[in-house]
Amino acid sequence: MKRDVRILLLGEAQVGKTSLIMALVGEEFPEEVPPRAEEITIPADVTPEKVPTHIVDYSESEQTEDELQEEIAKANVVCVVYDVTKEATIEKIRTKWIPMVNGGAEKGARIPIILVGNKSDLQMGSSMEVILPIMNQFSEIETCVECSAKNLKNISELFYYAQKAVLHPTAPLYDPEEKQLRPACSRALTRIFNLSDQDNNQILSDDELNYFQKSCFGNPLAPQALEDVKMVVWKNTTDGVQDNGLTLNGFLFLNTLFIQRGRHETTWTILRRFGYDDELELTDDYLYPQFRLPPGCSTELNHLGYQFLQRLFEKHDKDQDGALSPAELQNFFSVFPCMPWGPELYNTVCTTDKGLLSLHGFLCQWTLIAYLDVRHCLECLGYLGYPILSEQDSQTQALTVTREKRIDLEKGQTQRNVFLCKVLGARGAGKSAFLQAFLGRSLAAQRESPGEPSPYTINTVQVNGQEKYLILHEVSAETQFTKPSDAACDVACLIYDLSDPKSFSYCASIYKQHYMDSQIPCVFVASKTDLPEASQQPGLSPAEFCYKHCLPPPFLFSCHSQGPPGTAIYTKLATAATFPHLNAVELGAASFWLRVALGAAVTALVGFTLYRVLAKNK
């Protein structure tokens, strides 16, 4: 909505333009009228719409043609004033003033016009009969107001309608020639209907209508008022009411009726509540609310975000099979301008046996978006109507910003639930297969239905009895690490082909260049263990290299099996990411059991000492 309104008064000499302005300001008819009034600003707090309003007079005798064109260009709305007692001033509306204001403008860019019939105190009847053909000819005319500067009749109403024409314009909503909603308005209202239809049955029930009414206007409708609304729709449409609820056609008809009856501010209130601007586009303030992400922190969905998304999943799972089919997913995204997820989705998250998107996979995908691209996540939650449907100020309340990673390392603990693992290795080392194995897919299953490749996979892993999300990001062997942030992650997985004598040297080089002096835990993985092992190029063996650099020995891995691949390596990666402050070697099995044995020995020693003290006291 515009932050201020600029009203320009035009018309023939002596029609009373200046008198109208002075009558509004002085609240009395001026005895002496100057040729032209100075520009007047009405403060926001004294206007009905709480918007500052500038009123500009025009005098043909004092201003040039160029000055007039400048004022027209600055105006938000033009009031063309005529004398109800002089038909010549009415004729000039058609032949002079409207062509001057909007002659070269296209329909969508025309300035709204209010026709003002002044000096109604001098005429018994009305000029509306003569004015109506002009209003029908020019669609930019919002309304016509008959008034009297002398009697102060309809003066404030005149400027209210002028304000309204700017703040709640008809032109973007309604085509008066076709007598129907414009396509952009119809699309916006259809989206609003679909968001408000919380059980996805294509009907707004009384409860849904009242929730909608309260959300937009602050109060629910009284039961009788609700029945009256449905009765009006039922009488005027063939399919507007169904099962005692409002259909989409009924909802669109109701808004058309508001506009036709001059109550387009009602439709604008609805549109603006759902984030639309004057061009019927969702505003940046709505889609991208202010959100600060400090360096070293990450973003995760919180319980509010997950609850909201789970409700929407269940709403669109029409057959209640616990998965979204392609058609159901398309319906889910019908409130978006375009489909935000491509076919690579099915190689990014877990799917059902039939290849459909499960609830688990659905929530994993949203977790991935929230972590990798928080701006896009906010945008998507905005399209889904999160602030309105969750009764929150903005979609930022569906997200949590984690503590800075540096502090986690200092304190030796973290509250984070999502971790990023970069998977690095030479071409052909098995990185893509490793990512797909994380989704439970063996090499045979991957070959049967390859699908669209994805550089990411995400799944959940249990770490010390807690569920964590682990994101695997496959880094191409051709990737150039130009800055430290390119290698940044929570854990690095360096994968090499056990059967390729040159494969390990690539991983060793990457480790020494980018990870050796960092605090990022690293895990080496020897892939394709089902193939004969090849001797690596001269130098340290993989096991010796890991020992030298205080790393756990390479983990042996193969996804060439009949059943789903093993998950131990992914648990190991998630554990390393969760506890980066521990020495990586401590993640090895031998070290773990050594610590268990030491702990048991210490416990036994304390117990024995305590026994001796107690025995002595006896």
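Heads up, the Cβ atoms here are built off N, Cα and C, so glycines get one too.
Together with Thr18, Pro35, Swiss-Prot lists one candidate of Asp4, Asp57, Asp66 for binding Mg(2+) 1, that being Asp57. Within Ser59, Ser61, Ser186, the residue that Swiss-Prot lists together with Gly16, Lys17, Thr18, Ser19, Asn118, Lys119, Asp121, Ala149, Lys150 for binding GTP 1 is Ser59. When Cys489, Cys493, Cys507, Cys559 are compared with the GTP 2 site residues Gly428, Gly430, Lys431, Ser432, Ala433, Lys528, Asp530 in Swiss-Prot, the one appearing in that site is Cys559. Straight-line distance linking the Cα atoms of Asp321 (Ca(2+) 2 binding site) and Lys431 (GTP 2 binding site), rounded to a whole number, equals 33 Å. Close to the recorded Mg(2+) 1 site, the chain also has Lys17, Ile21, Val33, Pro34, Arg36, Ala37, Tyr58, Ser59, Glu62: residues not among Thr18, Pro35, Asp57 whose Cβ is within 8 Å of the site's Cβ mean position. DSSP assigns Ala433 (GTP 2 binding site) to a helix. Separating the Cα atoms of Asp319 (Ca(2+) 2 binding site) and Ala433 (GTP 2 binding site) is a whole-number distance of 33 Å. A straight line from the CA of Cys559 (GTP 2 binding site) to the CA of Thr18 (Mg(2+) 1 binding site) spans 86 Å. For Glu328 (Ca(2+) 2 binding site) paired with Ser432 (GTP 2 binding site), the C-alpha to C-alpha distance reads 29 Å. When the record's GTP 2-binding residues Gly428, Gly430, Lys431, Ser432, Ala433, Lys528, Asp530, Cys559 are compared pairwise by CA position, the greatest distance found is 17 Å.
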